[in-house]
Structure formats: structure tokens, C-alpha cells
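Pulled from Swiss-Prot:
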- GLY120, HIS121, ILE122, GLU241: (6S)-5,6,7,8-tetrahydrofolate binding site (BINDING)
- HIS225: site 'Plays an important role in substrate specificity' (SITE)
- LYS226: N6-(pyridoxal phosphate)lysine (MOD_RES)
Amino acid sequence: MSNLEQAERIKNLTKDHHNWMKNSLNLIASENITSRAVREAVASDLSHRYAEGLPGERLYEGCDYIDAIEEETIALSKKLYDAEHVNVQPTSGVVANLASFFALTKPGDLLMSINVPEGGHISHASVSAAGIRGLKISSVPMDDSIMNVDIDKTLSKIREKEPKAIVLGGSLFLFPQPVSEVADVAKEVGAKIIYDAAHVLGLIAGKRFQDPVKEGADIVTGSTHKTFPGPQGGIILCKEEIGRKVDNCVFPGVVSNHHLHHMAALGVATAEMLEFGKDYANQTISNAKALAQALYERGFNVLCEDQGFTESHQVAMDVAKLGDVSKMAKTLQYNNIILNKNLLPWDDVNDSDNPSGIRMGTQELTHRGFKEDEMDQVAEFIKQVVMDKKDVKEDVTEFMQDYTTVHYAFDEGCEGYDYIEF
């Protein structure tokens, strides 16, 4: 195969991927689709350029328009989140977390964070960003029956351990967490609160989750491509008093060039969220509740039924009694139903290859125009595959043909999965 043929093969594989996504029920809780306007920014000349430092303080020439774009994106973000200070340069949520650890801690400090099986993110653990910073880790006590922080035990542990920082938020994130209660006690011992909003940033932007900044978090980190329907990247919101320190920990700390095409795309997506975010967030959560209820009625062990299942985009099920969960996820994928196996609080952290749980998110389907009635059909497809052992691939593909466009965007109605050729 020639070099040209290999390049064409990659192009064709990418086209195949687009077509597969168009035909699939994507319930991965950490993904989304963007509007055409956002995709155009990602494909712009900015993808070729470099800018180190803050607007007006660049180490490179040729940044006049880049400065203006970044300043506009920051201003839009401050408006959307009502934040004192915003940094849009992290290239991912993990990079945002790492910069926050550098800003608020030093090696050897104690960090309290949620264990991964109980919903925490790996970047809060010693094997990832927290470990890179050289932090000691102690777990935030959780009440697994409600999939949330055990407030009394946590406050007691904060007073006992006197950590330097506490991380709330995570990757299995069904309900708002008690930020204000934790922040009050954190102040007593001089601890700072970092709220990892990677999964729920779009719900916070839509005023439908909680407002961690107002509730007392010192830093809020986020991913810009999960419930927030923007480009791959990260963001940091914080109080003005630590803003410059955070900026310095991003650059030159953990970021050099900050992927300028993604920054411009983030600005466009932020403007869209200011316009459509409330409706989008409302529908995303309504869809999650509807999906959870429909699965529960079909006999699935959906977590937290007595709490209404969820107040976010996520739905979690314990399906261990129905068979090998890893094989189950692969079988669903074969049928164009894409979701992920997930550790649950009662799983060992080393069982990630075959845990008890399945995690789903409704944000991408919501962006495709799904509402509550469609969620019932999604649940039925899942039941037919998992419980009835049916092949529904053709049915799913046919069903998805009515939901190929992007909603909650300035260019609403544009195709969401077409391959853009130049």
C-alpha cells in the first residue's frame, strides 16, 4: 500500500466512523456532538498557530486576532458562569485539575478526594494528576446507598485530617454534592475546595445542577466536551484573588500552546449555551430521568430509585446478575448501542475490566433532538439486547435516521455527523 493509499484509508475509516455514529445510540456519558459553527472553528487556520502566555503578554508575534478571540471567549465564559476569573487554556479536564493542584498544594500535602469506584475520577488519585503533584490521598467518605457524600463523616474527617485541599465532583455523578457544607468546615482548617465539574459543566451552565462557585468552591474545573457541547478541552473558574496564580500554573506550568482552534470553538459553544443552555440542560436531565424510569420498569436494577434515579445526565445500573458486564457492553455496541461498563462502589478498583455497573448519559441524544418518548424506546432496545437476547442493530439504525441533526444551536437543523470535506 502506498503512502497516498494509506492516507486515503485513514480518511475512509474516519468517514466510516462518522456513519457509525450517525446510526448509533451513543450513551457514553463523557461525549457529545457540536454544532457546525463549532466544527468550523475547529477546522480553521487557528489549528496551525501558536500562542504562549495570556492575551497581551504573548511570547509569539502574530497573535492580534488570537488575543481578541481569547478575550471574547473569557468574557462569554464569565457571563455564562457568573465567575470572577476564567482560564480557557487547559487542553483537557485532567490538565485543568493538574493546574489546580499546582496552584493550591505542594508535594507532600494531603488531598481528600472520592475513590474511583464511588464516583471519583482517576485524576484525583495517586496514579494520575494528584500523584504527579506528589500529594498524599485520603478518601472522602461516601454514602453508597445515595451515591453521594456522607456529610457527617466527611466533616468529621476534614477536622481530623486537616487536608490542604478537597476535591468534590467526579465521573459517576448522579446528584449535586454538598459543596457549601464542606466549604464551611474546610475554612476552619484552611483547606481549599476544588470542584471537578467535567461531567456536569453543561448542566451548571444551563442553571440546572448546582452552582459550585456560589456554594464556596475555590476552583471549579471542567471539560468542555461532555454535557458542555463544545470542543475537546478544559476550563478553570476561580475567585479573582487566586486568578493570577492559577494562570501561572496553567502557563508555563502545564500548558504551552493551548490549541487555539479549540479555544475559538469554545467561544462559539459558550455563546450557544448562553442562548440555548437552559432548555438543553432541562431536557438532558428530563431525558435521564425518563430513561432511568423506563429501564427500571423493564426490570433493570437502576441505582437510586428512591431518589428519583438522577439529577444529572447520567443513569447508572447494576447489571452483574444479568451476566458478564464486559461482554454485555460489547454486545450492545454490536447492536449500535454505545455505553460503558463502570465500577460501582461495591466493586474492587482492580475490577475495571469487568465491573458490576453500566453508566449512561443522555446529553448527546438530547443534542440530537431526543425527548422523553424516545427514551422509552432506548430502554426497550437495551432490554431486547440484554434480557431478550435479540439482534436490534437494523432497528436501531433505522430509528436513528430521524435524529441526525443538531439541536440547541444557532445553526439548528444542520447535520451532526456529516464528514466535512475541503
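The backbone N, Cα and C atoms fix where each Cβ goes, and this holds for glycine too.
These figures come from a predicted structure and were not determined experimentally.
All features noted in Swiss-Prot, drawn onto the structure.
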residue : record                                                  : contacts (Cβ under 8 Å, 6+ apart)
GLY120  : (6S)-5,6,7,8-tetrahydrofolate binding site              : SER113, ILE114, VAL140, VAL167, GLY170, SER171
HIS121  : (6S)-5,6,7,8-tetrahydrofolate binding site              : ASN97, GLY169, GLY170, SER171, ASP196, ALA198
ILE122  : (6S)-5,6,7,8-tetrahydrofolate binding site              : VAL116, SER128, SER171
HIS225  : site 'Plays an important role in substrate specificity' : SER30, GLU31, ASN32, THR34, PRO231, GLN232, GLY233
LYS226  : N6-(pyridoxal phosphate)lysine                          : ALA29, SER30, GLU31, ASN32, ALA198, HIS199, LEU201, GLY202, GLY361, GLN363
GLU241  : (6S)-5,6,7,8-tetrahydrofolate binding site              : none
Can you give the largest Cα to Cα distance in Å, as a whole number, for the residues GLY120, HIS121, ILE122, GLU241 that bind (6S)-5,6,7,8-tetrahydrofolate in the record? 28
Taking DSSP as the reference, which of helix, strand or coil describes LYS226 (N6-(pyridoxal phosphate)lysine)? coil
